[in-house]
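Novice: The structure under discussion is supplied below as structure tokens; questions concerning it will follow.
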Amino acid sequence: MAINTDTSGKQKALTMVLNQIERSFGKGAIMRLGDATRMRVETISTGALTLDLALGGGLPKGRVIEIYGPESSGKTTVALHAIAEVQKEGGIAAFVDAEHALDPTYASALGVDIQNLLVSQPDTGESALEIVDQLVRSAAVDIVVIDSVAALVPRAEIEGDMGDAHVGLQARLMSQALRKITGNIGKSGCTVIFINQLRQKIGVTYGSPETTTGGNALKFYASVRLDIRRIQTLKKGTDEFGNRVKVKVAKNKVAPPFRIAEFDIIFGKGVSTLGCLVDLAEETGILIRKGAWYSYNGDNISQGRDNAIKYLEEKPEFSEQIKQQVREKLDKGAVVSANSVAKNNEDDEDEDVEEEE
């Protein structure tokens with residue numbers, strides 16, 4: 001009896017304090033986790049099936065994302081693909097172009113609706129981050145991309161002389177901005193992607209000398225950090241037509257981290273979605289590869305990976321069928337490495353020549 005009375009008293013006290021908190025800070029200020037309307041984190045596709053798989057479904061909505069890597073590794077391409085996917089679902093996207101380097105033609109080729117894409121090219125880092133904060137607080141924008149953190153120059157640095165030292169200004173700016181923005185991001189459900197560059201630390205003997213710009217705040221606030229690297233140049237003969245890139249999920253708060261994905265980025269076209277599909281279909285056993293030949297249900301469909309991609313491109317219904325089967329296999333728990341290295345260079349080219357002869 002004493003236990004029941006004690007429990008009843010605690011429950012009354014809990015109800016009173018919860019009501020008091022809601023009166024003081026508004027409804028929803030505190031809740032039981034089981035009552036939350038969004039238990040499962042919704043995701044945005046990156047345009048690359050292998051990367052979506054490595055991320056546990058895609059980029060999480062309502063979170064801070066950091067994409068970093070060397071120059072020309074595909075950072076902006078991945079971000080633009082995410083924008084295109086959001087727009088396909090009827091969402092509103094914004095691009096804060098601090099580098100003043102956005103190519104509308106390339107963005108359009110990737111599927112971005114440039115007519116409805118909100119673009120800002122601010123002069124200072126403070127202006128850029130204030131614009132981001134206002135967009136996020138509006139709850140009207142679904143995704144904001146900042147390109148890049150390195151280009152968010154503090155106002156004091158712009159107004160000062162060229163040789164002036166401004167130690168830690170950008171790091172303090174990022175730390176303050178993220179403290180303000182993060183809470184609003186969670187409430188609005190807006191995804192904020194920061195593109196970042198790499199720098200070399202001086203005097204490092206052990207470990208990697210590489211570091212990202214803007215201090216450590218972004219590393220802590222980001223739910224997902226993607227390290228993207230170019231590992232191979234794709235060629236047809238002597239002509240270069242794209243890059244093979246490897247993405248390591250350096251941090252992931254919503255799925256297992258440290259997974260690796262590889263995919264092709266074609267110059268002028270973006271991520272090769274069909275290339276990703278061929279890789280995953282092969283790994284899940286839907287497409288069988290013997291030597292250079294790809295077969296489906298015992299029938300040869302193409303010789304070489306490039307021709308397999310071309311075959312799927314020419315037959316969209318078959319491509320959709322393969323995609324559906326791949327998703328079904330993955331939903332059933334099929335284990336894939338998500339990082340098949342494309343063998344689409346010399347071997348395929350030689351075999352294509354033999355076939356023509």
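Backbone N, Cα and C define each Cβ position, glycine as well.
Quantities reported herein were computed from a predicted structural model and do not represent experimental measurements.
Below are the features I grabbed from Swiss-Prot:
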| type | residues | note |
| --- | --- | --- |
| BINDING | Gly69, Pro70, Glu71, Ser72, Ser73, Gly74, Lys75, Thr76 | ATP binding site |
| REGION | 337-357 | region 'Disordered' |
| COMPBIAS | 346-357 | compositional bias 'Acidic residues' |
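I would like each feature placed in context: is it buried or exposed, what are its neighbours, and how far apart are things?
Specialist: Taking Cβ-Cβ distances under 8 Å and a sequence separation of 6 or more, the neighbours of Thr76 (ATP binding site) in its chain are Asp147, Ile195.
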Novice: Gly69, Pro70, Gly74: which of these binding-site residues has the sparsest Cβ neighbourhood within 10 Å?
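Specialist: Per-residue Cβ counts within 10 Å for the binding-site residues Gly69, Pro70, Gly74 bottom out at Pro70.
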Novice: Same chain, not part of Gly69, Pro70, Glu71, Ser72, Ser73, Gly74, Lys75, Thr76: whose C-beta falls within 8 angstroms of the C-beta centre of the ATP site? Give them in sequence order.
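Specialist: Neighbours found: Ile228, Arg230.
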Novice: Counting across all protein chains present, how many other Cβ atoms fall within 10 Å of the Cβ of Lys75 (ATP binding site)?
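Specialist: Excluding its own Cβ, Lys75 (ATP binding site) sees 24 Cβ atoms within 10 Å.
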Novice: Using DSSP reduced to three states, classify Lys75 (ATP binding site) as helix, strand or coil.
Specialist: helix
